[in-house]
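Since the structure comes first, as structure tokens, the remarks are kept for the end.
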Amino acid sequence: MGSRASTLLRDEELEEIKKETGFSHSQITRLYSRFTSLDKGENGTLSREDFQRIPELAINPLGDRIINAFFSEGEDQVNFRGFMRTLAHFRPIEDNEKSKDVNGPEPLNSRSNKLHFAFRLYDLDKDDKISRDELLQVLRMMVGVNISDEQLGSIADRTIQEADQDGDSAISFTEFVKVLEKVDVEQKMSIRFLH
């Protein structure tokens, strides 16, 4: 089965994905195999429904938000390259990557890109700030009915009050980064991919 995956990916495509995402040859081959097993329509793309069949996403309270991150605006299918680009945000940063070429593009799994990815999970209307309502929606997704609306409102208000530095009653990306400056985002937003 692994050989099927490697034969369908051209060497040049494999090299481009490797360069763009930082995944190893064997990781790309393994993830391609996973991609094709999820591709129920066998058309080389995944739909939202394909993602919803992944048990870990189905039970994750933010599963729908994570699934949405795989799709470009207005798109309802994602190809293998787009799939890999999104997964690259969750690739752990290796020691040898910390001293990468400063003139090259920033790796998709950099702290900055991981923070942008996390910010987009909260910024539901894509206006580059997290409003009280957006924060409430995400909190509601995470805790369900276990906490009253009043308590959730209090948590949202306190969070915005602590993070909002410019007084606009919302959290900008800069404010989001400031709040998370002491959080090990690189570790918390990483998934170990087998080599």
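Glycine residues also receive a Cβ, built from the backbone N, Cα and C atoms like all the rest.
The motif 'Nuclear export signal 2' annotation in Swiss-Prot falls on one of the ranges 116-125, 176-185, namely 176-185. In terms of DSSP secondary structure, the domain 'EF-hand 4' (151-186) contains 22 helix, 2 strand, 12 coil. Model confidence over the motif 'Nuclear export signal 2' (176-185) is summarised by a mean pLDDT of 93. Within 8 A of the CB centroid of the Ca(2+) 1 site residues Asp123, Asp125, Asp127, Lys129, Glu134, the other residues of that chain are Tyr122, Leu124, Lys126, Asp128, Ile130, Ser131, Ala170. Among the binding-site residues Asp123, Lys129, Glu134, the residue whose Cα lies closest in space to that of Asp164 (Ca(2+) 2 binding site) is Lys129. A distance of 12 Å separates the Cα atom of Lys129 (Ca(2+) 1 binding site) from that of Asp166 (Ca(2+) 2 binding site).
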